[in-house]
Amino acid sequence: MEEEDLPTESPWGVINAGPVRKVKERGSTIPLKLPSATQVFVFPKVEMKKMIALGFEGSANKIGVGIVSLDGTILSNPRHTYITPPGQGFLPRETAQHHLQHVLPLVKSALETAQITPQDIDCLCYTKGPGMGAPLQVSAIVVRVLSQLWNKPIVAVNHCVAHIEMGRVVTGADDPVVLYVSGGNTQVIAYSEGRYRIFGETIDIAVGNCLDRFARVLTLSNDPSPGYNIEQLAKKGEKFIDIPYVVKGMDVSFSGILSYIEATAVEKLKNNECTPADLCYSLQETLFAMLVEITERAMAHCDSKDVLIVGGVGCNERLQEMMRIMCSERGGRLFATDDRYCIDNGAMIAYTGLLEFAHGASTPLEDSTFTQRFRTDEVKAIWREANLEKLNGLAEKII
């Protein structure tokens with residue numbers, strides 16, 4: 001049967017032929033371990049149960065509640081941000097109080113927008129970590145209470161992995177090198193043998209933390225975020241100020257850069273040697289060049305051409321532009337999302353938790369705790385393993 005003979009509206013999947021075969025699954029292309037052959041195979045589609053999860057994200061200054069189905073459809077995704085005065089950060093206790101104040105109204109809003117009831121929900125998911133202790137505790141307590149009220153199972157989710165899976169389902173990226181950049185994390189990641197492996201990371205503070213703390217030096221507004229306001233000010237910069245550039249293999253360091261520019265800013269602004277816009281421009285260019293370098297090195301190591309940027313700093317248009325140029329020079333592609341999905345949100349927790357739940361994972365009530373340190377590579381990505389095993393098993397039967 002030739003590919004063009006397949007009816008347009010067919011109950012079958014993608015036809016694959018030749019030495020390299022791939023099958024489409026929810027927008028991604030998964031390679032099959034098949035030998036070369038001239039036969040053409042037709043793979044039946046697997047019908048998935050209409051499963052729905054409700055997820056809670058509250059690891060930092062945002063509290064979000066998302067409702068997502070297993071096919072990646074986002075039914076609702078409201079969130080609320082704790083914003084402090086210019087020049088100030090956010091403390092754990094005050095942030096937790098903010099989350100407590102807004103979490104239940106967000107649950108109500110999410111259910112109304114999704115037009116579902118608690119009876120329609122298959123599982124409740126929450127961020128186990130990493131993050132700030134007090135804010136994380138709010139989500140953990142709320143999910144325990146609702147689990148008992150609604151008689152629903154719980155799934156604990158790794159915040160970093162949730163960013164990756166949300167980025168993959170939204171952009172359609174299959175198996176990219178991932179740059180995860182936020183206020184608390186900076187990692188270069190790729191999937192290998194059942195886990196998301198960290199190839200490079202910051203050895204001190206995160207890139208988002210560096211930007212946020214410099215915004216305090218300039219007393220920039222925290223609304224909608226200090227990083228966003230640095231980005232807008234950087235667009236007006238005309239003069240580049242030399243700043244230390246610290247790359248160690250595939251790792252980076254930002255604390256020394258922050259100390260240097262904090263001291264430099266006071267002196268140079270006092271002497272009218274530059275403007276705040278020049279400093280923001282110089283800092284962005286330096287930090288992002290470092291991130292592009294370590295990402296490209298990871299691409300070469302993994303023999304990959306595609307990059308996915310996730311995390312709050314991933315919204316930055318200049319970072320996306322620099323990364324896109326590098327990817328195009330290597331014949332690859334950049335995948336990125338906007339602030340709806342780059343920034344912390346409940347939908348990413350719901351979707352990742354639902355992937356785990358659909359493959360048999362759940363968290364007993366007594367284990368539904370939180371942890372401030374929870375590395376990306378600690379999680380066994382059972383959903384990705386299961387998909388590859390299922391496809392390879394099907395291929396072996398056909399052969």
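Note that Cβ sites are derived from N, Cα and C of the backbone, with glycine treated the same way.
Because TrEMBL annotations are produced automatically, they should be read as predictions rather than curated entries.
As given in TrEMBL:
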type: DOMAIN; residues: 79-351; note: domain 'Gcp-like'
type: BINDING; residues: H159, H163, Y180, D344; note: divalent metal cation binding site
type: BINDING; residues: Y180, V181, S182, G183, G184, D212, G227, E231, N316; note: substrate binding site
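Annotated features, which come from TrEMBL, shown on the structure.
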{"residue": "H159", "record": "divalent metal cation binding site", "Cβ contacts under 8 Å, 6 or more apart": "E57, S59, T127, K128, G129, P130, G131, D344, I349, F374"}
{"residue": "H163", "record": "divalent metal cation binding site", "Cβ contacts under 8 Å, 6 or more apart": "Y180, S182, V310, G311, M348"}
{"residue": "G184", "record": "substrate binding site", "Cβ contacts under 8 Å, 6 or more apart": "S59, A60, P130, G131, A206, G208, N209"}
{"residue": "G227", "record": "substrate binding site", "Cβ contacts under 8 Å, 6 or more apart": "G183, G208, L211, D212, A215, G312, V313, C315, N316"}
Taking every pair from Y180, V181, S182, G183, G184, D212, G227, E231, N316 (the record's substrate binders), the biggest C-alpha distance in Å rounds to 18
What does DSSP say about Y180 (divalent metal cation binding site): helix, strand or coil? strand
Apart from the site residues H159, H163, Y180, D344, the 8 Å Cβ neighbourhood of the divalent metal cation centroid comprises S59, C160, A162, I164, S182, N185, V310, G311, G312, M348
Per DSSP, three-state class assigned to N316 (substrate binding site): coil
In the three-state scheme derived from DSSP, which category covers D344 (divalent metal cation binding site)? coil
How many other Cβ atoms sit within 10 Å of the Cβ of Y180 (divalent metal cation binding site)? 26
Express the predicted model's confidence over the domain 'Gcp-like' (79-351) as a mean pLDDT, rounded to an integer. 97
